[in-house]
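Okay, structure first, notes after.
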Amino acid sequence: MNQTTTFDKLCNYSAACLANWQGKTIVVKYGGNAMISAELKQTVMQNILLLNQYGINVVLVHGGGPEISLGMKLLGKEPQFINGLRVTDQDTIDVVLQMLAGKVNKRLVALLKGKGIGLCGIDGGLIQCEKLEAELDYGLVGNIVQVDITVLQMALAANLIPVIAAVAVDQQGIIYNVNADTVASEIAVALGADKLVLMTDIAGLLADRNDERSLMSRVEVSQVETLIAQGIISDGMIPKVASCTRFINAGGIEAHIIDGRIKHAILLSILSDKQNGTRFYKEK
């Protein structure tokens, strides 16, 4: 069965379910291997366009880590990360603007066949930040302090799909790199979104990081601190889980870390309760 046939069958199967989502809002953070593989990229764009066709408001926030790292290496600089966050100096910011807000963003918009509108956190005052204050200095990494959704509301009202690069600006006009998972979460909170979806390169949150069979399919947010203390949530998973927890604690119904290596993972996260990544929720 070819990819087109598979997608057509999935569309037919999903019609009734997606009709129930009409008028609802989903924020998707797109990144990882699904941005590198041409085949996976195609299925992601198919999924996003299908949701749009059913009247579902979709906001796509993207990373671009591999492209940024490539740009850094071309400058003779080795990328550095601490706790999953990129250490960012002025040279890195320049690369982020060129690669993330430029090349990556516009190529994604092009794949959305006239339905996408390319934005970054600087545009329309969308994301205001301040320098992230931490025990370790991450450089020009921002902490989001305000989200102005005016430009997003205008785009969604025009039935467009905002495609947002994760950069932001402070009150002095200094540009910062901002974690894309955090951007997606804060935008989802500000929009009052119905669902937050974060794409990653693993099956989800694993009780044993070396065994995908140990997938934790559902996590109640009150468990998160314990899971961090146990080392189950660590490294790059920390900002992802923090983003999910933030969304849920702000009133969001469901946050979902999905396996971006699976074809049509976005659609499946809506259509199926089967083990597809890790769903975060709050016990009522």
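Positions of Cβ are set from backbone N, Cα and C atoms, glycine also.
DSSP assigns GLY65 (substrate binding site) to a helix in the three-state reduction. The annotation substrate binding site is assigned in Swiss-Prot to GLY64, GLY65, ARG86, ASN177.
In sequence order, VAL61, HIS62, GLY63, ALA180, ASP181, VAL183, ALA184, LEU196, VAL197, LEU198, MET199, SER243 are the residues near LYS29 (site 'Transition state stabilizer'), counting only same-chain partners six or more apart with C-beta under 8 A. Summarising the annotation, Swiss-Prot assigns site 'Transition state stabilizer' to LYS29 (among others) and lists sequence analysis as the type of evidence.
The feature site 'Transition state stabilizer' is assigned by Swiss-Prot to LYS240 (among others), with sequence analysis given as support. On its own chain, LYS240 (site 'Transition state stabilizer') has ASP181, LEU198, THR200, ILE257 as residues at least 6 apart in sequence with a Cβ closer than 8 Å to its own Cβ.
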Site extent for substrate, whole Å (max Cα pair distance, GLY64, GLY65, ARG86, ASN177):
12
Any idea which of the binding-site residues GLY64, GLY65 has the thinnest Cβ neighbourhood at 10 Å?
GLY65
Going by DSSP, is ARG86 (substrate binding site) part of a helix, a strand, or coil?
strand
Which residues, same chain and not among GLY64, GLY65, ARG86, ASN177, have a CB within 8 angstroms of the centroid of the CB atoms at the recorded substrate site?
GLY63, ILE68, SER69, THR88, VAL96, LEU100, ALA166, ALA180
State which of the following binding-site residues has the fewest other Cβ atoms within 10 Å around its Cβ: ARG86, ASN177.
ARG86
